[in-house]
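Per TrEMBL, transmembrane segment is recorded for 20-46, 67-86, 113-131, 138-160, 166-192, 204-226, 280-302.
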Amino acid sequence: VSCSERNNQKQWKNYWIRGVLSLAMISGFFLIIYMGPIALIFVMCVQIKCFQEIITIGYRVYHSYHLPWFRTLSWYFLVCVNYFFYGETVVDYFGALVQREEPLQFLARYHRFISFALYLAGFCMFVLSLVKKHYRLQFYMFAWTHVTLLIVVTQSHLVIQNLFEGMIWFIVPISIVICNDIMAYLFGFFFGRTPLIKLSPKKTWEGFIGGYFGTVIFGFILAFLLSQFQHFVCPVEFNSETNSFAVECEPSDIFVVHEYTLPAVLQNTLRWKTVNLYPFQIHSIFLSSFASLIGPFGGFFASGFKRAFKIKDFANTIPGHGGIMDRFDCQYLMATFVHVYITSFIRGPNPSKVLQQLLKLQPEQQLNIFHSLHAHLRDRGMLAPEA
C-alpha cells in the first residue's frame, strides 16, 4: 500500500469518526432540549470540563508540578465563583422558595458577604503558599486561574441567564453557531480558494461568506419553527406550589405574528406588499449575523492560544474533535452577545422579580406600596373612585 493510499485511508477514517461523533453530539443536544430546564446541569458539566482542560494546559506548559496547593486552590476558586453566580441565580429566580426556608433566607441575605469571605480565604491561602524559589511561577498560575474563571464561569452564568429568558434563547444561539461551523466547512471544502486568516490556514473567504448566508437562512427558519411553541418561548420560572420549573405564559409580543410592509424594491420583485412574520425572526437575523461574522473570532482566538502553547487541541475528550473547549470556543462569545442583546433590546420589567422584591419587604413597607399603587391606578382611571 502506497504512502498516499495510507494517508487517504487515515483521512477517511478520521472523517467517519468525526461524523459519527458529530451525530452523537447532535442527538445529545436534542435530548437536552427534550429535558427542558434541566439543561442547567449540562451547562454546569460543560463549564467544569472546560475549566479542567484549560487549567491542565497551564499545569503542563509551566511545569507547575511542584507548586504547593496550586490545583487545590484552582478548584477552590472555581467553587467560590460558582457559589457566587449560582447564588445570585437562586436569589433572582427562586425567591418564593427562599422566602419559605429559614436557612435559605439567611444565605440569600448575606450571599455576597459569604461569597467574598470564601474568596478571601482562598486569597489568603495562596499568599501563605508562596515559596521563595517559585514566586514568579505561582503568580503566573494565579493569573492563569483567574483568567480561566473569567472566560469559562462568567460565560456559563450568562448561558444560564439566557436560558431563564426562554429555551429559545438557549437553543437558537447554540444551533446557529453549530450551523455556521458546518456551512463554513462545506462551502470552504467545495469552493474554498482564498485563505481567510493565518491563524487558521484551512479557513477561506468562500467558506466564511457562504457560512454567513447559510446560517442566516437556517436561523430564520429555526426561529419561525420554535416561535410557535409555548414551551420554547416562555421564560423559565420556578413554581413554588409544585416545586418544579414552569414554562407556561402568554407569549410576549416578539413571539406573536405581525404583518410587515415590504420595501418598494422587494414589492416589485416578489409581487408581495406585506409579509407575516414573528418579530423574533427579524432578531434571528442579527443573532445569525453575529454568529457568522464575529463568532468565528472566538475560534481564531482559541487557535492562537493553542499555537502559542504548541498544542493541537485543548484535550482529547472527543476523538476527532479534541476537547470540550474546542467545541465551545465560539459558543461562549455567542452567549455573551445574546445576553447583552436581550438586556439591551428585548427584556422589559419582570413582574415576577418585582413581586419577589416586594415579598422581602417589611409588612408596613408592603402596605405603603399597596396604597401608593392603588392611588396611582385610581388617578389613571383604571380603578373606580372610592365612594
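Just so you know, the numbers here start at 1 and follow the chain as drawn.
Keep in mind that glycine also has a Cβ here, set from the backbone N, Cα and C atoms.
Source: prediction; values computed, not measured.
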Going along the chain, which residues at least six beyond the ends of the transmembrane segment (166-192) come within the CB cut-off of under 8 Å?
26, 29, 33, 36-37, 39, 159, 202-204, 206-212, 214-215, 218-219, 222-223, 226-227, 231-236, 247, 255, 280, 284, 287-288, 291-292, 295-296, 330-331, 334-335, 338, 342
State, in range form, which of 67-86, 138-160, 204-226, 280-302 has the highest count of Cβ pairs under 8 Å to the transmembrane segment (113-131).
67-86
Which sequence positions outside the transmembrane segment (204-226), separated from its termini by at least 6 residues, show Cβ-Cβ distances below 8 Å to it?
168, 171-172, 175-176, 179-181, 183-189, 191-196, 232-233, 277-278, 280-281, 283-285, 287-289, 291-293, 296
Determine which residues of the chain contact the transmembrane segment (138-160) at the Cβ level, with the cut-off under 8 Å and only residues 6 or more beyond its ends counted.
40, 43-44, 46-47, 50-51, 54-55, 58-59, 62, 64, 67, 70, 73-74, 77-78, 81-82, 85-86, 88-89, 126, 129-131, 170, 331-333, 335-336, 338-339
